[in-house]
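**Q** Reproduced below are the annotations present in TrEMBL:
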- D410: active site (ACT_SITE)
- K237, S341, A342, F343, L344, E415, D430: ATP binding site (BINDING)
- D430: Mn(2+) binding site (BINDING)
- 305-522: domain 'FAM20 C-terminal' (DOMAIN)
- 55-89: region 'Disordered' (REGION)
Amino acid sequence: MPGLRRDRLLTLLLLGSLFSADLYFHLWPQVQRQLRPRERPPACRCSDRASSPALRSAAAPLNPSGGAHNFSRAGFRDEQDGGGRGGSRSKLQALFAHPLYNVPEEPPLLGPEDLLLASQEALRYYRRKVARWNRRHKIYKEQLNLTSLDPPLQLRFDASWVQFHLGISRQGLYSRSSPMVSKLLHDMRHLPTISADYSQDEKALLGACDCTQIVKPSGVHLKLVLRFSDFGKAMFKPMRQQRDEETPADFFYFIDFQRHNAEIAAFHLDRILDFRRVPPTVGRLVNVTKEILEVTKNEILQSVFFVSPASNVCFFAKCPYMCKTEYAVCGNPHLLEGSLSAFLPSLNLAPRLSVPSPWIRSYSLAGKEEWEINPLYCDTVKQIYPYNSGKRLLDIIDMAIFDFLIGNMDRHHYEMFTKFGDDGFLLHLDNARGFGRHCRDELSILSPLSQCCMIKRKTLLHLQLLAQADYRLSDVMRESLLEDQLSPVLTEPHLLALDRRLQIILKTVQGCIETLGEQSVIADAPAQQSALDSGQANLTS
């Protein structure tokens, strides 16, 4: 009897010890994190980034306070003068109402041959895809002895993703006046998911490497393909960094994390610059259990889900990208932020050409490419097809300007639709390595502009407009990003960095004009000249 009492006492002591350990190591840290006030990220002196007096003067008109802080909806709306937004006037609406954003687009659309897809052929293809999906889904349910009362999926012609695909033309991924973009963003944000899977490139490489050789997460990182109830698809990139986290200074550009908020911000910036070459992208809080785990049929994806010690639902990618649980992404406990980028039409319908950039980086620890050591490199590029004629080189320079604004050093290839030939527009895909360090202006990204000393007049006029106080780039970006569910998408230092980098671009163009003359630097599209001249007159006034 005394021995039994001692056993009970030992059991109670053991349970008490376990409870105390759980309270001390698990519950109490969580309570501390909830009670601890959110610290502001440390400020940095961005003025040190300018390497010459001219570049330092380009950054001079910006906010001199230099404080790095997150902005909030309330804080932004309360700003009257400091944020550049006076009263209730919308700078974004004023920007899109400007004559430069109403210039007839070049080249003009003449007929169905200027559209990417033939509507009847595309609809037949999508109907076959829907029928195939319904058959496979029925077989999958029967194999698991599951009953479903859901009716088979039907293809809707008015679905936003269908209209997006049918609206792609040689002018861009969507037209300026199309209401389809807003509807597509709304649908990707709210429609329920019906399937989740790895992307095709991850499937192709799955298991094709030795995971022990991976030092850091690399390649395209963890991303999933989500399909919605209207049969549309989007690429999901989960949150891997907090807004105020910066890329470590010792990181190479090719091992940097991919940021979901960079994908969202890149779409908004692309639209503000009037490029319209980034697929519509929106932020969403995804329930990783209900909207990924419970709808996926991929057994490998199912197997990488687990519950963390903090009781959060997590998942990770199989080799070759991230092989270990420490590289997993986790919900809180189920909800996870991420970006959703609309899928482009299937390669079966709209083949794309992937071309190495002439200014590709070495992607090695010590190597350098020729353009990094030869200031006359562009003279060689201008003699090579397809950069010796047409507008391909000018499109490369547009892309370099875009990448410099977002700080993206990872543009190794570019893609374009083969239907539109050599003069088709370049697609600005995979922008998740942008917005990594707001204090670093990587001037090498601008090498196509600084070495070739060429720029489209249309692009230059837009940049000059966005440098004016009434249309300041940081202000219109801030306003545009407020539309997203995950707002604030960017921290204030990243927004202010856009203004500083814009001034650097304009200084670079001005230096080229002073050296070579305006006629040699600014390239015109003949059909646009008269309309652009009227827009420039309005800009000057």
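Note that Cβ sites are derived from N, Cα and C of the backbone, with glycine treated the same way.
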**Q** Taking the residues K237, S341, A342, F343, L344, E415, D430, which the record names as binding ATP, find the longest CA to CA distance and state it in Å to the nearest whole number.
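**A** So the binding residues stretch over 20 Å, Cα to Cα.
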**Q** For A342 (ATP binding site), list the number of other Cβ atoms lying within 10 Å of its Cβ atom.
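**A** So the number of other Cβ atoms within 10 Å of A342 (ATP binding site) is 25.
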**Q** If I take the alpha carbons of L344 (ATP binding site) and the residue listed as 'active site', what is the distance between them in whole Å?
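**A** Checking the Cα atoms of L344 (ATP binding site) and the residue listed as 'active site' gives a distance of 21 Å.
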**Q** Average pLDDT across the domain 'FAM20 C-terminal' (305-522)?
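**A** Mean model confidence (pLDDT) across the domain 'FAM20 C-terminal' (305-522) is 92.
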**Q** Could you state the CA-to-CA distance between the residue listed as 'active site' and A342 (ATP binding site) to the nearest Å?
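**A** If we compare the Cα positions of the residue listed as 'active site' and A342 (ATP binding site), the gap is 21 Å.
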**Q** Show which residues of the chain containing F343 (ATP binding site), separated from it by at least 6 in sequence, have their CB under 8 Å from its CB.
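**A** Same-chain residues close to F343 (ATP binding site) (Cβ under 8 Å, separated by 6 or more) are W161, V225, G232, K233, A234, M235, P279.
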**Q** Count the other Cβ atoms sitting within 10 Å of the Cβ of D430 (ATP binding site), across every protein chain shown.
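**A** Excluding its own Cβ, D430 (ATP binding site) sees 22 Cβ atoms within 10 Å.
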**Q** List the same-chain residues at least 6 positions away in sequence whose Cβ sits under 8 Å from the Cβ of E415 (ATP binding site), in sequence order, or say none.
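**A** Once residues fewer than 6 apart are set aside, E415 (ATP binding site) is near R352, L353, S354, V355, L426, L427, L429.
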